[in-house]
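K.L.:
Just passing along the structure, written as structure tokens.
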Amino acid sequence: MEHLNKALMVLSATLLLMAPLLMASDPDPLQDFCVADLNGKPSVNGYPCQPSSSAGDEFLFSTKIASGGDPLANPNGSNVTELDVNEWPGLNTLGVSMNRVDFAPGGTNPPHVHPRGTEVGMVTRGELLVGIIGTLDSGNRYYSKVVRAGETFVIPRGLMHFQFNVGKEPATMVVSFNSQNPGIIFVPLTLFGSSPPIPTPVLVKALRVDAEVVELLKSKFTGGY
């Protein structure tokens, strides 16, 4: 009996340790497909399903990222064409999504985090410096490499990262996520463009700069990217 109790304790502890891993991605679908009714209210597993009779075949296909936007349309010199569940309702409950990002020479996809998804990317044109910053566990280590057309990279879920066009020509990458809505937190915009704003004394203390510097940075991010 004592051995049985010990075995049960070990099994219980193992299950508890595995629980975060089992819950680390979107919930599994319960049907072949569930085309999102974007007028419905999303739940834990995504949007409500459209009736199968009205879904058609087109939910399985998309041309959304066949072409990209103008990377010079914003100060970052990059343009993100999203292909998440809101842009492609057929992804609903499937736990995947994609983006296309186009870069002007010198353009950047600023430091950001995807809180709900791991990212796998491929550079399809040009060359990009891909930078990844580890957590405090790794000593905030900075990992980087210039990734060229045809080469790939991976960004672990929740780690800060960026891409920067180091070439003299435009660049493009296509990325995928293991979430239908991976989310994004742009670090500069979050710190200096939140609504309502983070109190200046907090940022002064955290960043170890004068209040004038914080106010200048806040003025750069009023209204978003």
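For all residues, glycine too, the Cβ spot is worked out from N, Cα and C.
What TrEMBL says about a protein is an automatic prediction, not a curated fact.
In case it helps, TrEMBL gives these features for our protein:
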BINDING   ASN99, ASN109, HIS114, GLU119  oxalate binding site
BINDING   HIS112, HIS114, GLU119, HIS161  Mn(2+) binding site
DISULFID  CYS34-CYS49  disulfide bond
DOMAIN    64-215  domain 'Cupin type-1'
SIGNAL    1-24  signal peptide
K.L.:
Quick check: with HIS112, HIS114, GLU119, HIS161 left out, which same-chain residues have Cβ atoms within 8 Å of the centroid of the Mn(2+) site Cβ atoms?
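P.N.:
After dropping the recorded site residues, what remains is VAL113, ILE155, LEU159, MET160, PRO182, ILE184.
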K.L.:
Judged by the number of other CB atoms within 10 angstroms, which among CYS34, CYS49 is the least packed of the disulfide-bonded residues?
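P.N.:
Across CYS34, CYS49, these disulfide-bonded residues, the one with fewest Cβ atoms within 10 Å is CYS49.
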K.L.:
Taking the centroid of the Cβ atoms of ASN99, ASN109, HIS114, GLU119 as the oxalate site, which other residues of that chain lie with their Cβ within 8 Å of it, listed in sequence order?
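P.N.:
Apart from the listed residues, the neighbours are VAL80, VAL101, HIS112, GLY121, ILE155, HIS161, VAL175, PHE177, PRO182, ILE184.
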K.L.:
Cα within 10 Å of HIS114 (oxalate binding site) is the criterion; apply it to the recorded positions CYS34, CYS49, HIS161 and give the hits in sequence order.
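P.N.:
Candidates kept after distance check: HIS161.
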K.L.:
Take the Cβ of HIS112 (Mn(2+) binding site) and count every other Cβ within 10 Å, whichever protein chain it belongs to.
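P.N.:
Result for HIS112 (Mn(2+) binding site): 18 neighbouring Cβ atoms inside 10 Å.
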K.L.:
Roughly how many Å separate the Cα of ASN109 (oxalate binding site) from that of CYS34 (disulfide bond), to the nearest whole number?
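P.N.:
So the alpha carbons of ASN109 (oxalate binding site) and CYS34 (disulfide bond) sit roughly 32 Å from each other.
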K.L.:
What are the sequence-distant neighbours of GLU119 (oxalate binding site), meaning same chain, six or more residues apart, C-beta distance under 8 angstroms?
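P.N.:
Result: VAL154, ILE155, ARG157, HIS161, VAL175, SER176, PHE177, PRO182.
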K.L.:
Provide, as an integer number of angstrom, the distance between the C-alpha atoms of CYS34 (disulfide bond) and HIS112 (Mn(2+) binding site).
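P.N.:
Approximately 30 Å lies between the Cα of CYS34 (disulfide bond) and that of HIS112 (Mn(2+) binding site).
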K.L.:
Do you know the mean pLDDT across the domain 'Cupin type-1' (64-215)?
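P.N.:
Across the residues of the domain 'Cupin type-1' (64-215) the model's pLDDT averages 96 on the 0 to 100 scale.
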K.L.:
Rounded to a whole angstrom, what is the C-alpha distance between ASN99 (oxalate binding site) and HIS112 (Mn(2+) binding site)?
P.N.:
14
K.L.:
By a simple count, how many Cβ atoms lie within 10 Å of the Cβ of ASN109 (oxalate binding site), its own Cβ left out?
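P.N.:
Its Cβ shell of radius 10 Å holds 26 other Cβ atoms.
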K.L.:
At the level of the C-alpha atoms, what whole-angstrom distance separates HIS112 (Mn(2+) binding site) and CYS49 (disulfide bond)?
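P.N.:
Checking the Cα atoms of HIS112 (Mn(2+) binding site) and CYS49 (disulfide bond) gives a distance of 31 Å.
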